[in-house]
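The domain 'G-protein coupled receptors family 1 profile' feature in TrEMBL is assigned to 51-299. The annotation transmembrane segment is assigned in TrEMBL to 36-61, 108-130, 151-173, 216-242, 254-275, 281-301.
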Amino acid sequence: MTALTSNLSLTQNTTTIIRPPYFYISGFTGIPHMKYYYVFLSLVYIISLMGNTFIMIVIYVDQSLHSPKYIAVLNLAFTDICETTALVPKVLDMFLFDRQFISYDQCLANLFFVFIFLFMQSFNLTILSYDRLVAICLPLRYHMLVSHRSMFQLTGAAWAFAVLILLIPVGFITRLSFCGSVVIKSYFCDHYPLYSLAAPCSDVLPNDVMSYLDPVVVLFIPMVFIIASYVCIIHALFTITLPKDRAMKTCTSHLILVAIFYLPINITYICFSFIPTNIRIINLSLTSVLPPMLNPIIYVLKTEEFKESSKRRKLSPIKRCMEQQN
């Protein structure tokens, strides 16, 4: 406790440092009984881990799900597992066990991995909307436009682009000299709270540009594309003869995922300067953990292919027993 107190006093009297040996993650301030919230996050993490693992196993085992669309679904489940794993265990370790000091290198690594999987969640939802757009608006060209090869190319390009646009702001941070406090007012090594600590003694204009550019590229443009694609889909459903019930169920499940992911995080980024720190942390932390938990639940409950696959998985042991008896 004495060492922690002495370290905390250092964070309040830090002079100009090129690369500080550590940062201090402040987390929530002035809110009692926050440990219950962290316990809630741990439960959400366990459910998310189990649900997305189940999704990945079902897609791998069931040959009928080896279609181009489920490459994106598999990638989304993998990304959800990685996103929550990059964030929740570290948050629990910091705030449940009072280990809020994090080294400079660990902080940059934490920033990179949390954001890379957050970016990929957005890109995966965009790829899924493209799949639905082609399937409903251009059904005769679906197998030509959406093949296994094209889906692998899309997901691979999304990963490469996400890494590129994230390495740029991380690289800019490594060029900053930090002065004043090293207290990061967030629940992880968040980009803006981190680089703003260097503002009094470094040129943070490139970081400011990237802090506005990345949300536009990663969040706003994909959201606009998804909205536009569903405008086309709704128009097609009313003008083209299609099995509307099944198409609407599939689209509804995707729209639910889109709303859960994009609405809270976009509101937070748009109103960033007006939202108190505690509310911003709660909003962003829930946005990071709830969609990965709800994605497998929505896909199982709303997608016919998964319902049929689950029924086959349940019936197959019964069939084997009947065959052995005969």
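Glycine is no exception: its Cβ is also placed from the backbone N, Cα and C atoms.
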Q: Could you check if the transmembrane segment (254-275) is in contact with the transmembrane segment (108-130), meaning 3+ Cβ pairs under 8 Å among residue pairs at least 6 apart in sequence?
A: yes
Q) Is the transmembrane segment (151-173) close to the transmembrane segment (36-61), in the sense of at least 3 CB pairs under 8 angstroms with a sequence gap of 6 or more? A) no
Q. For the transmembrane segment (216-242), what are the same-chain contacts with Cβ under 8 Å, counting residues 6+ beyond its ends?
A. 118-119, 122-123, 125-126, 129-130, 132-133, 136-137, 139, 162, 165, 248, 251, 255, 258, 262, 265-266, 269
Q) Looking only at residues six or more beyond either end of the transmembrane segment (281-301), which have a C-beta under 8 A from one in the stretch? A) 27-28, 37, 41, 44-45, 47-48, 51-52, 54-55, 73, 76-77, 80-81, 83-84, 87-88, 91, 114, 118, 121, 186-187, 190, 253, 256-257, 260-261, 264-265, 267-268, 275, 307, 310
Q) Apart from its near flanks, which chain residues at least 6 from the ends of the transmembrane segment (151-173) lie with a Cβ under 8 angstroms of it? A) 68-69, 71-72, 75, 108, 111-112, 115-116, 119-120, 123-124, 126-127, 130-131, 191, 194-195, 206-207, 210-211, 214, 217-218
